[in-house]
């Protein structure tokens, strides 16, 4: 049998200390020869940094750990592996603890074993440290040699550490975020009272913080919680209160702002309650002399000096003073109410007059604005998609523009736009556009009927390719006569001005706005013909 054989069987027949010494020395020399110059056992960080009493490697090996690298005591991977003279391998701390606790014998075969007979198995240590293990952190799929595990764990982004505030295990990469945003024991400052508390009691603090904003349940007024009780007891106009005469028998309850009206409406009833109360007090007071007539002189003197009798008289005087005070207050309140009613009527008349003046000023402003257009008016039809949806649903859409003048002085006109429904005869899904004359400020200064050229256009807001139609007025039509009502019911224009399909295909609608332009030139303008634009024959109004 060769002494340098590293298999367990090489130690089965060893029975003397001298044989052990020579064999152990030879094996130690051979094992050291297997280690590279940079892989001396003393330089392996995983084993050298471990406490001497630590058990084996409790890690997940991939592939699973072979039984020859498993400590028979802790059943984990051999840590700081040592060998016994009988050829068994143990963790250094495990076998030493076993010898101290259970006696000087090998736990496997019960052979006599002393601590000084143990020697490091550097060959097994190197093999174990070269095995592949998985990171034990949840969510991490990294694999590495066992010797690299400690370094990886110190850098693993899935590594966890206990929160110093709540002791919850948290990934190290999220620890700062946890301490500042999620930890239930993090310190918070109340924005209302500037007090400090842990987040776990935040809800309780918010419910009882005296400086927190709250809302009165009666009037919905915002105020701090510390003022809420006083507000409800003295100031809140909608808080329920008892009648001032509740001590005299009135059982009515109402809101504080209705108390004055109740006091005014039920004055007689309150006086009746007061009279009944005083009568009962007077009767109770009068029964005392009749009862005193049957008493001896000494008893009558004692009765006269009775504190109850004095107290009743004092209460009666106080009640009479209260009645006089309330009657005076009632008279003053009646006078104030009458004055307030007169003042209120005056203010109502003033408000009505101011509203009338406001309407007149608004009308004058619109009239002045209309006179500034000088016959060229651009009408912004906003929210046009809404009108299109109603048109598609079969609802007739009729829109009128604000009025405008052809000059100063000039004719007052407005535009009328129809979105014809899909079921309309001969003009379905068309835009119809007409011009109407209106009663204006300068009608008496103008010649009638209106004569001239009218140019209508729907503006292309993207490419500038506007849809334009030009028409001449016809003096014999009612549409151009001087209107006898605010707006001439007869219009002049085109029933089929523009198809809605063409409207959608081009840039006529931008930001949900359609622009319609009208240019009116009283008296015929020959320049239109010189520009090559021939008037299109108008169509009768519908």
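Glycine is treated like the rest: Cβ placed from N, Cα and C.
Quantities reported herein were computed from a predicted structural model and do not represent experimental measurements.
Look at Swiss-Prot and you will find 489, 490, 491, 492, 493, 494, 495, 496 tagged as substrate binding site.
Per-residue pLDDT, averaged along the coiled coil (311-373), amounts to 80 for this model. Among the features that Swiss-Prot reports, coiled coil is placed at 311-373, with the record citing sequence analysis.
What Swiss-Prot lists as domain 'MATH' is 374-520. Under DSSP, residues within the domain 'MATH' (374-520) fall into helix, strand and coil as 21 helix, 62 strand, 64 coil.
What Swiss-Prot lists as zinc finger is 71-110 (among others).
Taken from Swiss-Prot, the feature zinc finger covers 151-203 (among others), and the record attributes it to sequence analysis.
With DSSP classes pooled into helix, strand and coil, the tally for the zinc finger (204-260) is 24 helix, 12 strand, 21 coil. The zinc finger feature in Swiss-Prot is assigned to 204-260 (among others).
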Secondary structure content, the zinc finger (71-110) (per DSSP, counts of residues): 11 helix, 8 strand, 21 coil
Helix-strand-coil residue split for the zinc finger (151-203), DSSP-based: 21 helix, 12 strand, 20 coil
Count of other CB atoms lying within 10 Å of the CB belonging to residue 493 (substrate binding site): 25
